[in-house]
Each structure stands twice: as structure tokens, then as C-alpha cells.
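Contents: one structure, followed by commentary.
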Amino acid sequence: MSDDEFAEAIKKQPLVNIGTAGHVDHGKTTLVQALTGIWASRHSEEIKRGITLKIGYADAEIYRCPKCPPPQAYYTSATMPKDGKCKYCGTPLEFVRKVSFVDVPGHEMLMSIMLAGTALMDGALLVIDATKECPQPQTREHLTALSIIGVKNIVIVQNKIDVVSKERAKENYEEIKRFVEGTVAENAPIIPVSALHKVNIDALIWALEKYIPTPKRDTSKPPRMYVIRSFDVNKPGTSVKDMVGGVLGGTVVQGKFELGHEIEIRPGIKLKKDGQEVYEPVYTTITSLKTGNQPLEKAYPGGLIAVGTTLDPSLTKADALIGNVVGYPGTLPPALYDVEIDTYLLERVVGIDQPLKVEPIKAGEILLINIGTSLSIGQATSTRDNVVHLKLRIPVVAEKGDRVAISRQIAGKWRLIGYGYVK
Ligand SMILES: Nc1nc2c(ncn2[C@@H]2O[C@H](COP(=O)(O)OP(=O)(O)OP(=O)(O)O)[C@@H](O)[C@H]2O)c(=O)[nH]1
Ligand SMILES: [Mg+2]
Ligand SMILES: [Mg+2]
Ligand SMILES: [Zn+2]
């Protein structure tokens, strides 16, 4: 991406995705709300049950006071005064950048969704509830996921300090230090906050600026987007002539998409052919590009991009195309029903309380794999040395060298047991 291109794009869309990670109820969504003013768990079922079920998005702009020293120099669009001036010295604040937060669920049943979210992150906030002993099972499992997927820019957030004593906060800090020793988060800063009461959020914003930079992208690569939701945006009863085509919501992970261009969606839609279920790629045209309410001519990596198409909206309704990969025609990797994976297993199962060794993968066993935001379930048909051959129920769009997260069912739940690379 040239400097001019970057300067133009940054005015319109976030160019960095900052994820959340951490055990259920440790305060991830509350923290994203403190930073952005937006409750990212908007789905009706999520509101009813008080837990995050899907990948959520919320954007914010970061501002800085040119006069005040850090951390108090830092604000977001949600924390700054309405008049746009520093609350300590009255100086007009300077725009720094737009950022997008990718909020994932912490519940142990939703690990595969967390893994899909991880594929979108340029950095992450590992949220830890100071009232609980650290680590909790998904604190461990999520940090392992970040490490497996290669998310290295991590800021640790010690949350809920409003309800712990000074002594407990100190003890928890030591627990965190011991826990991250020897991991990717070993040198991550630990920022104590209260997400609920918005305490010390300026220090956290400062840490984001310091530890999670906006990545440099190569926009000359063929564009690729992961679909994480899809919709029919027409209200019931809309007349055919007023109907708009299906909409895809996703994150661009490389290159750039341009308005009016033709796209291919893989693996595409499920069809019955000679009694067999097969997936066929879908071709359509980009009729609109948006991030939030901002229309775009070009969409770069970062944030949630809504792509309007000419597709029949019945194909995109109710997240039907989730897990698909989008690119320009002819540039995407193949959709594979069979994959060979070079595997590396963890020593122990990190996502449960009890100590349990990870046993080798056996022929015949059923595994769940995540590649990018796609997930699929497959049967191991053969295992030799560390190479596992999987027959998949839903094809994955993947090429040699792609990273795979591998989960196995333990006590009825999918637990992360290792990773690998497509051979
Ligand atoms: N006292 C206190 N409570 C908090 C704080 N942050 C979050 N909570 C509470 O903790 C509970 C869980 O918060 P969420 O933000 O939903 O936690 P989460 O990590 O997003 O949960 P999942 O997405 O389901 O894993 C809610 O009742 C919050 O109000 C905090 O700083 N202090
Ligand atoms: Mg949540
Ligand atoms: Mg919750
Ligand atoms: Zn100031």
C-alpha cells in the first residue's frame, strides 16, 4: 500500500483489527463498549442470554492531546468530550487512527467461533477477571489460540479492579505474570482497568497505540475476504422491483476490492447432483461497499465490510454464506474435500480444568478444523508420522501452507488440541 493510498483509506475505514480473548464473563464485550460506546453482542439471542455467541464488531477513532503527557493524552471517539477538546487542558484533540474491535465469545462451547475470530485479528486484548484465579480454562485456551494463529501483538487487560482489594489485585498480577511466562504474551503490558466503570481506559488506549500498530499491507496481492455473516436486507413485503441483492459481511484479509468488480464466492452454495451434495462457486458483482455507514470505492483489510451484490437475497439470508471466501474470479485456492495436514499436537488439553494429556490422532476419529474463518468437521482416514488425512463434510478453501487449528471432542465439547499446515 503506497503512502498516498494509505492516507486516503485511513480517513474512511479502520485498517487494523483488535480482537478480544479471554474466559467467559471476564468482561470482553463490556471492555469493547468502554472503548467504542457500542455493545457488540447485538443479536437477540445474545441479549437474552447475556453471553456473546457470534463474532461482534465495533469501531472507534483514537485521538490524542498534543500537550498532555500519556496516558491522559489518549481518548477514543467514545471517551472524548463532545467539544473535541482535552478535558485536562482544553487543547483540541488530534485524530490518530480508526480501529476496529473484533469481539469473540468466551464460552467453552464456542471455541470454534473464537478461533474463526482469531483469523481476523492483527492484535488482541487478553481480558482477565481479577476476581478469579488466573488462568481459567478459556484464558489458557484463548492464549494458545492466539499463539497458534500467530497473533503476537497482545495487551493484557486486568479487568474488574473496582471489586478487588489492592492485595488481591497484586496477587492476581503475580498469577498473570507466572501464567504468561514462556508464552507469546510474556512481554505484553498488563493494564488494570474497570471496563464497567471506565477506569484507566486512557492507559489502555495508550497501550493499544504502542503495542498494536496498524500493519503494513501488500495491496498488490489478489483480494481476499472472509465472510463472517450474510444477509437479506429487504424488509418483508418489499416489491420485486425495489429489492436489493444479497449482502455479505466480512473482513478483507489481503489486497483490495473495488466497486463494480466481479467476484467469486467459494466453496459457494450447496447443490444436490446425482444424489450427492456438492458445493459450487458463485459469481456476482460488487454493487456497493460500506464500512459502518461509510460508503467506499475500495475496501482494504480492516473492520467489517458490507459487500452488496446482485445475488438472489435468498442465497445470503440468515448467515447462509458464513465461512465462505471471496476473491476475484480465478484467484482463489481450491475448495478441498480431502486435506492432508502436517500436525503438531499440544502436550495437554489447555481448555479444561483437569490435567489431560493430548493423545495422538487415531485413524477413524472425527476432528474439527478451522482454516481462516472456515470450519469443517472431518474423519481422519489415515495418520502416518505427523501427517493426518481428513475427509471433510464441508469443503474448505485452502492451499499448501495454510495454518489449521485442530480440535477434538472431549467430554462432549470441542477442545483445541493442536495445529498444523495444509500439505
Ligand atoms: N464489577 C465489574 N463488573 C464487570 C466489569 N466488566 C464486566 N463486568 C460484568 O461482567 C459480566 C460479564 O461481562 P461481559 O462483558 O458480557 O463478559 P464477556 O467476557 O464479554 O462474556 P462472554 O462474551 O459471554 O464470554 C457482566 O455482568 C458485566 O457487567 C468490571 O470492570 N467491573
Ligand atoms: Mg462477550
Ligand atoms: Mg457474558
Ligand atoms: Zn491535554
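Note: Cβ is positioned from N, Cα and C throughout, glycine not excepted.
Taken from TrEMBL as is:
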type: DOMAIN; residues: 13-216; note: domain 'Tr-type G'
type: BINDING; residues: Asp25, His26, Gly27, Lys28, Thr29, Thr30, Asn159, Lys160, Ile161, Asp162, Ser194, Ala195, Leu196; note: GTP binding site
type: BINDING; residues: Asp25, Gly50; note: Mg(2+) 2 binding site
type: BINDING; residues: Thr29, Thr52; note: Mg(2+) 1 binding site
type: BINDING; residues: Cys65, Cys68, Cys86, Cys89; note: Zn(2+) binding site
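The full span of the recorded GTP binding residues, Asp25, His26, Gly27, Lys28, Thr29, Thr30, Asn159, Lys160, Ile161, Asp162, Ser194, Ala195, Leu196, taken as their largest Cα to Cα distance, is 17 Å. Listed in sequence order, Asn159, Lys160, Ile161, Asp162, Asn200 are the same-chain residues six or more apart from Ser194 (GTP binding site) with CB atoms under 8 A from its CB.
When the binding-site residues Thr52, Cys65, Cys89 are screened for a C-alpha within 10 angstroms of the C-alpha of Asp25 (GTP binding site), the residues that qualify, in sequence order, are Thr52. Nearest in space to Leu196 (GTP binding site), taking C-alpha to C-alpha distance over the binding-site residues Thr52, Cys65, Cys89, is Thr52. Listed binding-site residues: Asp25, Cys68, Cys89, Asn159, Ser194. Those with a CB atom under 6 Å from ligand 1: Asp25, Asn159, Ser194. Nearest to Gly50 (Mg(2+) 2 binding site) in space, judged by Cα atoms and limited to the binding-site residues Gly27, Cys65, Cys68, Cys86, Cys89, is Gly27. A Cα-Cα distance of 26 Å separates Cys86 (Zn(2+) binding site) from Thr29 (GTP binding site). When pLDDT is averaged over the domain 'Tr-type G' (13-216), the result is 97.
A straight line from the CA of Cys68 (Zn(2+) binding site) to the CA of Gly27 (GTP binding site) spans 29 Å. Among the binding-site residues listed (Asp25, Gly50, Ile161), Asp25, Gly50 have a CB atom closer than 6 Å to some atom of ligand 3, in sequence order. Thr29 (GTP binding site) sits 31 Å from Cys89 (Zn(2+) binding site), taking the Cα positions as reference.
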